[in-house]
Amino acid sequence: MIIVTNTAKITKGNGHKLIERFNKVGKVETMPGFLGLEVLLTQNTVDYDEVTISTRWNAKEDFQGWTKSAAFKDAHSHQGGMPEYILDNKIAYYDVKVVRMPMAAAQ
């Protein structure tokens with residue numbers, strides 16, 4: 001399993017604009033190997049908002065299949081370029097080495 005994060009630096013007070021874009025079912029949910037998505041808002045930033053989109057995939061090839069799909073291109077086609085509220089972004093890839101799940105409570 002891999003996790004891919006896209007961390008965006010957003011003009012202060014506008015993080016909700018990016019978050020709202022992910023608060024609906026999209027086409028990524030239908031992609032082979034897609035395991036889930038979380039949208040994270042960093043707490044206590046002073047000068048800007050920071051939003052991280054974290055996606056989980058069975059394999060890097062599955063993520064690459066998403067980025068090459070027509071659905072990805074459609075979802076990321078910004079008329080006139082990147083939205084003005086996004087100041088910067090960084091993509092990172094993580095190999096998941098350990099996963100721990102909650103244990104059932106003792107009866």
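Any Cβ shown, glycine's included, is placed from N, Cα and C.
If you check Swiss-Prot, you get these features:
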type    : residues : note
DOMAIN  : 2-94     : domain 'ABM'
BINDING : ASN6     : Fe cation binding site
SITE    : TRP66    : site 'Transition state stabilizer'
BINDING : HIS76    : heme binding site
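ASN6 (Fe cation binding site) and TRP66 (site 'Transition state stabilizer') have their C-alpha atoms 14 Å apart, to the nearest angstrom. The Cβ neighbour count for TRP66 (site 'Transition state stabilizer'), using a 10 Å radius over every protein chain in view, is 21. Each residue contributes its Cα atom, and for HIS76 (heme binding site) and TRP66 (site 'Transition state stabilizer') those atoms are 12 Å apart. Taking H, G and I as helix, E and B as strand and the rest as coil, DSSP gives the domain 'ABM' (2-94) the counts 24 helix, 37 strand, 32 coil.
Ranking the binding-site residues ASN6, HIS76 by other CB atoms within 10 A of the CB puts HIS76 at the bottom.
Per-residue pLDDT, averaged across the domain 'ABM' (2-94), gives 93.
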